[in-house]
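Q: Let me give you the structure first, and then I'll get to my questions.
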Amino acid sequence: MPTCRRKRVVLTQPSESLLKSLKTNLDRDVFYLQQTGEIFETYEAYAARMSFYRLKQFQCEVTGKSGLDYFQALASERSEAETLHSRFSEPLKPAILKAVQFQVVGRLDHLVESVYERFKDRYFKGERVLIDLSGIKYYGQVHTVYPPKYSTDVAARDANKPDAEGVEQGAPRPIDDEEPHQIHDDLKTPVKEVNARDDPFLYYYWVLLTDLERDKSDKSKASKPTDGSEMVGSLMEVQCGRMSRDRLSFSKSILRRFIRDCVDRDAAVASPWTVKPAIAQKYGVISSMTEDTRINVEAIKKGEHDKRKKVWEDKDGPPNKKHKKMTPAQEEKAKAAAHKRDREAQEKLDQQRLAREEAERIAAEKKKKKPIRYPTEDLDVRLMDKDLKAGMKLKRPVPTSYALPFNHHPGSFESFLMSWNFLVVYGQPLHLSPFTLDEFEHAIKHADLDMPCSLLAEVHSTLIYNLRTVPFARHSAVLSLLQRKDQLRAEGLEDEEYFGVNTDQLSAAMSDTGNNWERVPLRHSEGREGWEEALIGCLKDHATRGNFPRMREILTKLLFAPDPNEAPEPQAPSPSSSRGPSPESTPTPQRLSVTSTPRERYINLPVHDRIAILSFMVNLAISSKAIHQHMESCEEQLTALRKEKIEVNRTNKQYLEEMNTLMGETKEGLVDEDVKMDDPSDMSDVPASENGSDSGKSKKGASKSKALRQKAQLQAHSKQREAARAKQASVKQAVAEHRRLDEEVNKLERRLEAIEREFRKLLGGVRVKPMGKDRFYNRIWWFDGLGSGNLVGSGGATQYGAGRIFIQGPSEFDLELMMRRTDDEVSVQVRRLEEEGQEGMLGPSDWAVYSDIEELEEFIAWLNPKGHRELALKQAVSKWWIHISAGIRRRMQDLSVHAKLPEARRSTRTKAAPDITREAYMMWTNRRAINAT
């Protein structure tokens with residue numbers, strides 16, 4: 001049986017309710033697992049069991065192979081069992097199984113050892129054996145077995161020969177009715193005692209030699225042995241000393257596998273080994289215990305239980321002994337002694353408990369006193385007085401939430417930011433030039449029908465083109481509305497109305513608008529004319545009440561207008577710089593009763609509805625083929641950049657090593673130039689003669705020697721000058737080479753910076769993740785330089801997308817993780833109030849922003865590098881600080897310039913409306929546009 005986690009798999013039995021129901025209803029449908037024969041009442045139970053059998057966690061009990069499913073393990077066991085039973089000696093099987101039946105042996109190994117010792121020298125009729133005759137081995141088959149009573153009677157053995165006189169061929173013989181080796185008693189019986197009753201060395205065997213054993217090293221089939229072949233076919237009388245079995249048919253390992261496959265036992269203590277019923281019936285093994293066997297097994301079980309009971313009693317105390325009946329005085333004395341023992345035991349337990357508590361207290365104090373290794377968990381770091389004196393800030397600078405666009409409507413800012421990031425990151429496959437977050441904000445707020453916004457038209461058109469490649473269901477929005485109407489009707493309710501428009505009116509208006517949206521050309525040269533109607537068609541075929549809950553409300557506002565005869569509601573003044581009423585502040589009328597066109601109505605659509613449309617389209621566009629191909633391309637380019645970065649770093653390291661070597665040579669050359677050379681005029685003269693007056697010969701010799709010394713010294717100085725000039729030239733060459741390598745290193749460093757920027761761009765096309773988290777798991781986002789956006793423009797000019805650092809509150813999981821901390825002296829909530837402030841605490845869906853350099857610098861100074869998260873965040877911000885600060889400054893400059901432009905253009909005589917055509921979002925041009933036909 002296959003095993004799972006070292007336990008045999010038990011087949012599922014039918015439930016009692018199923019068995020009872022089948023008695024009354026024979027036609028009931030059930031689920032049958034053919035491989036195991038199991039029956040299940042429900043498909044869920046059948047599928048769960050089949051899934052369990054398909055897990056790769058089963059093990060073949062015979063071979064020990066693991067990592068199989070149930071059916072593979074079962075097939076392996078069956079294959080091995082067939083091989084085993086075909087190899088194992090068939091006449092030996094009944095004898096071994098009879099010996100094993102009802103044996104009480106703890107381990108299977110001990111059982112195998114006992115069986116092997118019992119039967120290794122005992123052979124049975126029909127067995128295939130090996131006979132050793134003077135060093136030559138023959139294969140033979142046991143023809144007749146003579147028990148020990150025939151060991152001294154040669155004539156009786158000869159009388160039973162097949163070719164003996166008076167014996168007919170095939171006729172029954174008395175020897176055939178005698179069963180040999182009647183030793184099926186307890187295997188724990190000593191070997192000497194068993195051999196005394198049934199000595200295997202007193203048995204004689206008539207063996208028919210069938211073949212000569214071949215040399216296993218000789219694999220040639222053609223070569224036949226010649227020595228001893230004349231004995232093949234003869235009948236010989238031998239004893240067990242000359243006989244043996246083939247190791248492939250009988251060994252301890254083969255015997256172990258055979259017994260394990262044929263027997264089983266219960267899990268209870270001292271349970272006997274029993275032969276499986278089917279195998280016992282096949283080989284004639286008794287399956288029911290005799291009375292003597294049962295008594296013997298029960299005695300063994302009782303002895304084992306008593307032994308275990310004694311062990312446990314010895315652990316608890318001395319064994320209880322039977323005492324004689326005590327007098328009342330003795331009983332009182334015994335009770336007092338027992339009470340004293342209980343009291344002493346309780347005191348001992350109390351002392352142990354106090355000692356354990358004291359040890360725990362000391363360990364906790366040591367743990368507190370143990371110095372903390374930084375960096376560690378951020379919430380475990382608390383500012384000390386010395387940290388505050390060193391200038392570290394306790395409270396984080398409060399980020400602003402009111403400066404976020406559209407943040408007054410829940411969820412609108414996050415959808416707005418996500419849509420902008422998608423459009424900028426995937427600008428290349430969408431054929432859309434990058435634009436800033438401020439430009440996108442003003443475009444969303446644009447509400448002038450006479451002056452179309454190119455940015456709005458391009459964004460919607462490119463998404464419409466992209467969604468043409470995404471599978472859709474024709475008229476899915478209409479079908480969804482009609483299903484809702486039928487559902488309300490089935491519940492006995494009336495049809496819903498939005499702004500006075502019912503389902504039939506809205507369906508009729510939708511059926512006449514945007515029917516050919518997937519084929520209509522939206523040309524860039526024509527200002528994407530007709531994109532509003534194509535938008536209705538796109539929503540009509542892609543949206544449903546399930547994936548776009550606000551679909552009906554938005555479509556109603558786009559297809560219906562208020563009755564001009566009705567008095568409009570008062571409007572608040574618009575804060576937007578755009579001409580005309582702002583959709584952010586214009587309230588929608590309660591009734592929309594006049595059919596209108598999407599082009600006229602989109603201008604009056606509130607900004608949160610515009611953002612909802614863009615967010616829905618962006619979520620659909622993520623699954624388009626163009627976006628997926630772009631992601632795969634980014635992955636390939638990232639792999640190439642990683643390889644290039646490794647190569648550039650390797651080259652840079654090599655250049656730096658060469659520069660260090662050249663620097664050492666240059667220093668040695670400069671030291672040599674500082675050494676002062678000897679002056680040839682400093683040569684010492686020859687000392688005067690002690691006699692005062694030299695002869696002419698001695699004077700001549702002295703002058704000659706002096707001339708020779710001067711000449712040698714001049715030659716040495718000449719060589720020194722030549723060596724110095726050569727050294728100086730070498731130093732100049734080394735300096736020039738050092739300068740060249742320095743330039744190469746600068747080029748490589750600039751290339752590494754470009755690789756980092758390119759890596760950030762490509763990584764944004766695969767996945768966008770925050771720069772890091774602070775101690776309270778607030779997520780820090782910086783969106784510049786991702787995808788098609790650039791950090792550095794042509795000529796090194798600074799470019800930005802958002803030009804700000806955004807902070808998002810902790811996720812639900814992180815917030816729950818913080819709230820679970822109970823070991824802190826100060827709770828996380830109190831710490832957040834203390835270090836973030838009430839106005840600075842952000843929830844999971846809350847956002848805030850740092851728009852000023854000074855605020856951001858204060859925030860970076862607040863980060864504590866002793867914590868894991870804030871250390872990683874601080875390193876990430878420091879890595880990109882040049883570009884972050886440059887983008888923020890550039891955005892502040894652009895905002896100040898655009899704020900001054902209306903003042904500069906304002907006339908002193910007339911108060912004309914501001915010219916929005918000079919606004920940045922109106923001057924934006926899509927340089928990547930493709931004029932599709």
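All positions are counted from 1 along the displayed chain.
Backbone N, Cα and C atoms are what each Cβ position is placed from, and that goes for glycine too.
Keep in mind that this is a model prediction, so the values were computed, not measured.
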Q: If TrEMBL is the reference, give me the range from 491-518, 631-658, 659-686, 883-910 marked as coiled coil.
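A: So the range that TrEMBL calls coiled coil is 631-658.
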Q: What is the number of residues in the compositional bias 'Basic and acidic residues' (330-358) that are helix, strand and coil, as DSSP sees it?
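A: Each residue of the compositional bias 'Basic and acidic residues' (330-358) counted once, the result is 29 helix, 0 strand, 0 coil.
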Q: Can you tell me how the residues of the domain 'WAC' (28-137) break down into helix, strand and coil by DSSP?
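A: Each residue of the domain 'WAC' (28-137) counted once, the result is 51 helix, 18 strand, 41 coil.
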Q: Looking only at the domain 'DDT' (410-473), what are its DSSP counts of helix, strand and coil residues?
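A: Counts, helix then strand then coil: 41 helix, 0 strand, 23 coil.
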